[in-house]
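Asks: Pulled the feature table from Swiss-Prot, pasting it below:
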DOMAIN    22-301  domain 'ABC transmembrane type-1'
TRANSMEM  22-42  transmembrane segment
TRANSMEM  59-79  transmembrane segment
TRANSMEM  148-168  transmembrane segment
DOMAIN    332-568  domain 'ABC transporter'
BINDING   Gly366, Pro367, Ser368, Ala369, Ser370, Gly371, Lys372, Ser373  ATP binding site
Amino acid sequence: MATSKGRNADPAAALRDCRAAFIGVGVASALVNLLYLTGSFFMLEVYDRILPSRSIPSLIALSLLALLLYAFQGAFELIRGRMLVRIAGALDESLNGRIYRAIVKAPLKLRMQGDGLQALRDFDQVRSFLSGVGPAALFDLPWLPFYIAICFLFHPVIGLIAIIGGLILTLLTYLTNRGTQAPAKKASEAGGLRNVFAQASQRNAEVVHAMGMSARLTALWERRNTEFRDENRRTSDIGNGYGALSKVFRMALQSGVLAAGAVLVIRGEASPGIIIAGSILTARALAPVELAIGNWRGLVAARQSWQRLKELLNALPEADAPLQLPDPHERLTVEGLASGPPAAQRLVVSDVNFTVRAGGAVGVIGPSASGKSSLARAILGIWPAYRGSVRLDGAALDQWDSDALGKHVGYLPQDVELFAGTIAQNICRFAEDATSEAIVAAAKAARVNDLILRLPNGYDTEIGDGGMTLSAGQRQRVALARALYGDPFLVVLDEPNSNLDAEGEQALSEAIMSVRSRGGIVIVVAHRPSALASVDLVLMMNEGRMQAFGPKEQVLGQVLRPQQVERQNALKVVAEGQEAKQ
């Protein structure tokens, strides 16, 4: 089965690629529904021909033929079910990579709600529905008129009863859809918020325990869980109510067909076989409707999930990879940069202009909330540039393929996050072609090789989700090695010494100097003065704007001189006050 794999895979194309498989399911459904007539005609022949003739050989032959047809019916049912499972697998093969990339990209491009994993749950919902009995019922529904037509061939009265039953069950299907759609959507939204709250509580377990927040958070959890449970129960109650009503109605309708057939036989207007055959056929005609009602909740959930997936993927289109550019090796240029959070349209950084050549290192300083970390995100393209540009060797970031650019960029975020896996896997960024030499070289560049070797399994030590088995300082130094892996041209470090001791700070300074010595560029967001030891340039940020940029001694002199004057004036005021008291 062909699939539209790759960067440009989209839901519509994935479904088109499955067109032949859906046609195959339709053909299998046609054969299954034709073979469903076996039971009705078997009973008709038994009552109208076999019993009057009292022929045992004819009964045996007819029974063998029925068994053969039932075997074919079962085989086609099996084929149809397996084809639906493989359609679900083909959609997964086609879209799973695109959906994963969208999940990762969405926080950088869109204003997200919930835990950001709704798309993954939506895709699981669609795949689960396609692999179940719901689609088979939908493929059987178009055969309802065919069965009703056969009922008319038996007798117009039986056909009329089947039509009335079909219309009533169709009405129940419509009411089921209308009644469950809104609560199902609310239940999905409430479930997402509940999951986000649970994950946040788990991440902050130490804070919850230390500050005695468990009781209050439990009460809040119970309110959110109650909202989810109530909407879920409402959806189930509506679906189960209409499902039970349709089942009772179908059983009553089947008894009505038996009664009508008996009346027709008594009046001599039909043969005795019509009583049983008509009942079986009517039940079969209406069974897909009842099955559809029973699986309507899954259908509604799958339809809503599919719609959300399409909206997400349409909001995050994937362009073809641009032309491969030469490796950057000359300069970083920031021109009139204005940036802010994704989809917020709110500028946090404005009017930033500077150029750094190979071998240079910039320390970004400024008071809290001055835009230092925001500038780092904008330089890396994590936050969009609403005005201006960031260029490497003259090429704007959007002219690079993100994967290709990533090889030339190292990033140590302020909040370090490692992945579940080994230390070696985290350092090499999970590259399958990574060599031991490159991994060890990155660790040595970050001066963390000896620390790693002291761990139980060295580079093969499993660190758990988020690096939970490591201390904060160890995580930061492993993340620094990850940023230095592959000798990237641009290395951005956001408060890299926040969790480091004196030894770690010395290792950081040496790592910055090693990047500069090989011709790389380092951007260091500094909160402690010690982080500026190995930089030659300083950029001063204040209220989201660049206040100064230039050689370290010059900029620090401009910054520190007013502070020294202010301190001296303060001391003078204190001294004068003491003299006045004396």
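Note that the numbers count up from 1, one per residue, in the order the chain is shown.
Note: Cβ is positioned from N, Cα and C throughout, glycine not excepted.
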Asks: Residues of the same chain, at least six outside the transmembrane segment (59-79), with any C-beta under 8 angstroms of its C-beta?
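Replies: Result: 28, 31-32, 35-36, 38-39, 42, 45-46, 50.
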Asks: Other residues near the ATP site, CB within 8 A of the CB centroid of Gly366, Pro367, Ser368, Ala369, Ser370, Gly371, Lys372, Ser373?
Replies: Ser374, Met541, Asn542
Asks: Could you give the mean pLDDT over the domain 'ABC transporter' (332-568), rounded to a whole number?
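Replies: The answer is 87, the mean pLDDT of the model over that range.
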Asks: State which of the following binding-site residues has the fewest other Cβ atoms within 10 Å around its Cβ: Gly366, Pro367, Gly371.
Replies: Pro367
Asks: Among Ser368, Ala369, Ser370, Lys372, Ser373, all listed as binding-site residues, which has the most CB atoms within 10 Å of its CB?
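Replies: Highest number of other Cβ atoms within 10 Å: Lys372.
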Asks: By the DSSP assignment reduced to helix, strand and coil, which category contains Lys372 (ATP binding site)?
Replies: helix
